[in-house]
Amino acid sequence: MNAPLVVAVDGPSGSGKSSTARGVARALSLAYLDTGAMYRAMTWALLQRGVDPTDAEAVAQVAEQVRLVSGTDPDAPTIEADGVDVSVPIRGPQVTAAVSPVSAVPYVRRLLVQQQRAVIEAAGDGIVVEGRDIGSVVAPDAPVKVFLVADPVARAARRAAEDGSDDAAATLASLERRDAIDSTRAASPLVRADGAVEIDGTHLSLEEVVDRVVALVREVRR
Ligand SMILES: Nc1ncnc2c1ncn2[C@@H]1O[C@H](COP(=O)(O)OP(=O)(O)O)[C@@H](O)[C@H]1O
Ligand SMILES: Nc1ccn([C@H]2C[C@H](O)[C@@H](COP(=O)(O)OP(=O)(O)O)O2)c(=O)n1
């Protein structure tokens, strides 16, 4: 059996990774994996257990107990932690504020990268995987790698609209704080992977971004 086709979509917060990856998966009948949801679900489970997310040693000690299950249907992605559907609470402000330090802990990354590779191997025809280190660490051999960027002000405005917040300045500050931690951490920082095609979605519609990625996939499939 051939290895599944992997489409890696990386980029900073709010650049459009989830929407683009789901759109591409739908257009090409591929599976979809949101690795950010896994880091968020891990963070949720640690907070539930009373672990201080900035205490790297405690985080590493408890992380192994957490059982995550990711559903890969782009029309209805799911994420469970310890048997609980956490799709809603992982988007809340407590998890958003705590996820960057948790995802900077090398042991957490080792655990989750292992699980992500298992999901990729189990994907039939192929899978669109989105996150920060997919093209650089999780699937460096992916034949299609996209680095999606957008102007921070546009990213914050989109995210604030999505969250129903009228405080775009606060959203921008939170997003820039997370960008800074995610890009400067020692373990798998957000970088443009070797061979990744950069797409700037600031002035493109979601459909245009999806079409560009679909075209990249069709090129490698020819
Ligand atoms: N090219 C685009 N044009 C306009 N809005 C977009 C575009 N791409 C994404 N969005 C919107 O921006 C918000 C954040 O997108 P999302 O896919 O969640 O980003 P990420 O996964 O990178 O955090 C969503 O509300 C989404 O609908
Ligand atoms: N492959 C990944 C995916 C996400 N992360 C971290 C970095 C992010 O701050 C958090 C949350 O990721 P998520 O993609 O849900 O964040 P946004 O929705 O883009 O704001 O997880 C990571 O370190 N590696």
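Each residue, glycine too, has its Cβ placed from N, Cα and C.
Nobody curates TrEMBL annotations by hand; they come from automatic prediction.
Noted in TrEMBL for the protein shown:
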type	residues	note
DOMAIN	7-218	domain 'Cytidylate kinase'
BINDING	G11, P12, S13, G14, S15, G16, K17, S18, S19	ATP binding site
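Under DSSP, S19 (ATP binding site) is assigned to a helix (H, G or I) in the three-state scheme. Filtering G11, S13, S19 by Cβ distance to ligand 2 (under 6 A) retains the following binding-site residues: S13. Cβ neighbour count for S19 (ATP binding site): 17 (other Cβ atoms within 10 Å of its Cβ, all protein chains included). Its Cβ placed at the centre, S15 (ATP binding site) has 28 other Cβ atoms within 10 Å. Annotation for G11 (ATP binding site): spatial neighbours K17, R132, V146, F147, L148, V149, A150, L190, criterion Cβ-Cβ under 8 Å with sequence separation of six or more. When other Cβ atoms within 10 Å of the Cβ of K17 (ATP binding site) are tallied across all protein chains shown, the result is 27. Shown in sequence order, T20, E130, L148, A150, R155 are the same-chain residues outside G11, P12, S13, G14, S15, G16, K17, S18, S19 whose Cβ sits within 8 Å of the Cβ centre of the ATP site.
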